[in-house]
Amino acid sequence: KHFMYGELTDKDTSEKVRLTFENYEMNSFEILMYKKNRTPVWFFVKIAPIRNEQEKVVLFLCTFSDITAFKQPIEDETSKGKPACRSFARLTRALTSSRGVLQQLQPTVHKGENVHKHSRLAEVLQLGSDILPQYKQETPKTPPHIILHYCAFKTTWDWVILILTFYTAIMVPYNVSFKTKQNNVTWLVVDSIVDVIFLVDIVLNFHTTFVGPAGEVISDPKLIRMNYLKTWFVIDLLSCLPYDVINAFENVDEGISSLFSSLKVVRLLRLGRVARKLDHYIEYGAAVLVLLVCVFGLAAHWLACIWYSIGDYEVIDEETGILRTDSWLYMLGETVGSPYHFNTSGSGKWEGGPNKDSVYITSLYFTMTSLTSIGFGNIAPTTDGEKIFAVAMMMIGCEYMGIYISLADLLYPESFHI
């Protein structure tokens, strides 16, 4: 900016401009500068520091307003003898300066506050942080049916999809493992609403902008459709199919019903989109620890569903029809007073056993103790399949706990020093 200074530029004002930049302050000045042809021009300059999330100044926003017409012209031969013009220029300058002061003062004055004129004027002159203008990008022009991916509506909608995705991540493994038929009308309605919302999300994604490789906002409808078809469309489509509604019909073949129940696991792939949105919170240590705890609980839930599936598959030998007394489900039934019994007069199959609520709580208890390497031994694997799964689960738990402790030590080192 020094190349714009000249012989009539006020030295004190130029020094104030320099100090404003060095001290990362907000200020405004009226300063005389020069064009390339050495023509003097009066500018009203506003300087505002722009800060990031860590309150560090990353750039300055400088606004230059040409006020030469409102300034008293420099005395020369042509301006002598024209007091009316000079008076009009001074009057215009006074009016514009007063308007500028009022505009700067307006954000800091609230209804009902008793603020003295002197203190308000001092606030304006000092240009405190509370009247710092917010830096905003200009909203790109988009077609009428295209939604900006960062607008308030889309942000709120993404949070709704995020919550429903977590709901799906919890309920889908449970329904698949425990083979729930969803005859409960309430849960059937809830799952149907979730499917409809996921379907609406597909429609919105075909009309939502995205960020291109160079960081630009892509709003062309054709490019948006092609990008979505090549990325998340197939997964989103499979995740919104009404598997629960199909399984609710009694006349559906058992094989087809099992196939639809298995396909519901595809919905878990939507967690990849959730992980992409959680990148914004990685820089916050507390958020990372909370996220790890949530992931730990979700992993324990999934493993609990698998643990039950192994026990349910092995408790009764399908080839011989013999009840295995070494299975953890058999021992749990004996412990809680709900043993298995053979129905000789009716279906001719093994019936009874612990109820599903008790089985799930016990499964989750076992996976939690195994992942944390506590293992009280009151729930223990006995069959070969159970032992193999327990070994794999403990290896996962050791790896996870090592990552958790290392990250906690890195974020909060004083808590680990004795």
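Just so you know, glycine gets a Cβ as well, placed from its N, Cα and C.
In TrEMBL, annotation is done automatically, which means it is predicted and not curated.
Per TrEMBL, the features are as follows:
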type: DOMAIN; residues: 27-79; note: domain 'PAC'
type: TRANSMEM; residues: 157-176; note: transmembrane segment
type: TRANSMEM; residues: 286-310; note: transmembrane segment
type: TRANSMEM; residues: 358-376; note: transmembrane segment
type: TRANSMEM; residues: 388-407; note: transmembrane segment
Mean predicted confidence [pLDDT] for the domain 'PAC' (27-79): 78
Helix, strand and coil counts within the domain 'PAC' (27-79) (DSSP): 3 helix, 30 strand, 20 coil
Range from 157-176, 286-310, 388-407 with the greatest count of C-beta pairs under 8 A to the transmembrane segment (358-376): 286-310
